[in-house]
Amino acid sequence: MKKFITTPIYYVNDIPHIGHAYTTIICDTLARFYRLRGDDVFFLTGTDEHGQKIEEAAKARGKSPKEYADEISAKFKALWDEFGISYDHFIRTTDEYHKLTSQNVFTKMLKNGDIYKGEYEGSYCVSCESFFAANQLIDDECCPDCGKKTRLVKEESYFFALSKYQDRLLKWYENDKCVLPKGKKNEVISFVKGGLKDLSITRTSFEWGIKLPKELNEPKHVMYVWLDALVNYLSALGYTRDEERMEYWNNTLHIVGKDILRFHAVYWPAFLMSLDLPLPVSVAAHGWWTRDGVKMSKSLGNVVNPKEVADTYGLEAFRYFLLREVPFGQDGDFSQRALIDRINSELSNDLGNLLSRIVGMSSKYCDNIIDSTNVNKFYSNELESAKIHINQALISLDEISPNRYLEELWKVLNIANATIAKYEPWNLVKNNKFDEANALVALVANLLARVAILLSPAMPQTAQKIADTLEFEINTNSYNELIINSNLINFKANATTPLFAKIEHELMAPAPVAKIDEIKSKDEEIKIDDFKKCVIKVGTILECDNIEGSDKLLKFKIDLGEDKPRQIISGIAKYYEPKSLIGKQVCVLANLKPAKIFKHLSEGMILSAEDGSLTLLGTHASVKNGAIVG
Ligand code: MSP
């Protein structure tokens with residue numbers, strides 16, 4: 001069966017973070033699973049490079065939009081390559097073939113009577129690249145999606161006749177799988193039932209976008225970035241061009257974040273209806289990640305860098321954590337503690353120890369040759385229970401529930417571990433029940449092999465190591481034999497090293513403690529009374545030392561003119577040599593709630609200015625310690 005699976009294409013105004021890695025790893029897991037099952041898969045990812053947001057981000061850095069897009073797009077591609085993401089094609093919306101398909105799509109929709117010229121007057125959120133009606137705004141001017149200030153726009157524009165598709169869309173939502181999970185589908189349905197307005201699909205107030213088809217002779221207009229972006233799914237399959245491979249289109253799965261579901265479950269199917277193309281089989285929306293319970297943002301400096309996590313804790317453990325930690329569709333929280341707990345209990349204990357025990361037992365009882373002849377005779381109940389969980393796992397993945405998929409696989413591991421504990425093979429051997437003992441080793445080896453086959457899409461290297469240790473293959477044949485037909489096979493066990501080492505303490509510097517987590521955007525206005533809540537004092541640094549085990553943190557003792565110096569932990573070790581700071585005066589947010597950072601109490605925050613590098617804030621002339629900044 002041919003299958004098309006896509007990630008959203010990522011904006012190039014930001015380097016890859018955990019949210020991007022999450023979507024990409026889910027898609028990679030699904031693509032690998034479908035291939036394992038024998039499907040012919042086309043897995044697409046890429047970057048979204050046009051629009052006002054990118055134009056402005058490039059300008060702020062003194063670069064041309066294309067130069068800037070080249071730089072960031074390359075970072076996404078390099079990270080996915082380093083992570084071994086099995087994409088078949090990486091699309092960039094600045095690629096010529098994509099521009100051509102976008103123009104062809106525009107022409108087709110125009111010919112079908114779905115595009116007309118008018119004037120757009122209303123609010124636009126540059127951050128979301130989205131139009132809003134006045135009654136949708138928060139406080140009369142802010143974006144209902146991201147909270148940032150919108151801009152008033154009045155410009156000539158082409159419109160797509162979205163309103164025309166309202167009933168057909170509602171009909172489509174009756175289809176069970178079209179939008180997943182179900183709760184999210186209900187939100188989409190109420191949005192559409194609220195009434196659809198025609199959509200402005202061209203802009204004239206900036207230049208960084210795809211030009212309209214030449215025949216229209218409209219040099220001022222560029223395509224709305226969301227039309228351009230959504231069409232990527234078709235241009236990658238060669239739509240309207242010579243090299244079409246649209247066979248994949250009939251079986252399409254889009255994975256997206258909840259924030260962009262409206263674009264994929266409302267606008268996109270309407271565009272496709274206009275083009276007379278089949279609609280995707282499913283658009284599945286996942287939730288958002290926070291860090292240690294706090295929303296991630298560049299200004300808070302708490303964005304989880306996926307490369308740092310993978311380099312520190314291992315890519316396979318990171319993949320497992322992302323897939324297992326949150327029910328698909330719900331928001332999730334990244335914390336090092338939660339990751340470490342999963343590594344220690346599920347990966348090291350449940351999975352890794354099981355492999356070591358199989359290798360140990362087989363070398364003691366059966367010369368490493370694991371023969372499955374008697375498994376059914378002694379352990380048919382265990383086999384039967386495992387089969388139920390394997391089937392449930394397959395159903396879960398079909399419903400795009402990778403967390404439940406992994407949970408079911410772990411239930412199979414639990415059966416294996418519990419059976420060893422229950423029958424104690426060492427006692428069976430002591431009592432001369434050799435057949436039973438050998439069958440037990442063969443049972444657990446078969447269960448582990450089944451888990452490894454199904455784990456291979458999520459943790460390809462770990463699964464391969466298990467397969468190499470027990471000498472079996474992971475491919476479509478073994479999938480059919482062991483998973484679909486539940487056959488038993490024989491193994492030869494080889495010596496191996498532990499799959500996962502236990503981790504004692506957090507290995508990365510903690511996220512900065514942020515009191516400012518309620519602040520929605522840098523530009524948000526506050527009243528003077530809000531500012532007065534912050535007590536900022538000048539103090540002299542008395543001591544400054546590195547913190548053992550962290551290359552980011554420094555521990556300060558600062559005299560703020562109080563009874564005793566304050567201890568403050570700050571993540572600035574990269575920027576300063578500790579001894580060079582002693583005697584310097586700095587500004588400190590003094591009424592920040594104390595918090596423990598890396599096991600050390602921190603009683604305030606040292607203020608600094610960031611512009612790529614970092615400088616501590618001080619005063620022009622020396623002042624008394626404890627002087628108030630205001
Ligand atoms: N360019 C558009 C998508 C166009 S698809 C035709 C876009 N890009 S994005 O880079 O801003 O976001 C890409 C994906 O990352 C979205 O699915 C979004 O939900 C996801 N995430 C961004 N931040 C996230 C978290 N903090 N957590 C989880 N995913 C989040 O939107």
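One-based numbering along the chain as shown.
Just so it is clear, glycine is given a Cβ too, placed from its N, Cα and C backbone atoms.
TrEMBL lists Cys125, Cys128, Cys143, Cys146 with the feature Zn(2+) binding site. Under the DSSP three-state reduction, Cys125 (Zn(2+) binding site) is assigned to strand. Around Cys125 (Zn(2+) binding site), the same-chain residues at least 6 positions away in sequence with a Cβ under 8 Å from its Cβ are Phe132, Cys143, Asp145, Cys146, Lys148, Thr150, Arg151.
Annotation comment: TrEMBL describes 530-630 as domain 'TRNA-binding'.
Within the motif ''HIGH' region' (10-20), the DSSP-based counts of helix, strand and coil residues read 3 helix, 2 strand, 6 coil. Annotation comment: TrEMBL describes 10-20 as motif ''HIGH' region'.
Residues annotated as motif ''KMSKS' region' in TrEMBL: 295-299.
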**Candidate with the highest Cβ count within 10 Å, taken from the binding-site residues Cys128, Cys143, Cys146** = Cys143
**Asked** In the same chain, which residues outside the set Cys125, Cys128, Cys143, Cys146 have their CB within 8 A of the centroid of the CB atoms that define the Zn(2+) site?
**Response** Val126, Ser127, Ser130, Phe132, Pro144, Asp145, Gly147, Lys148, Thr150
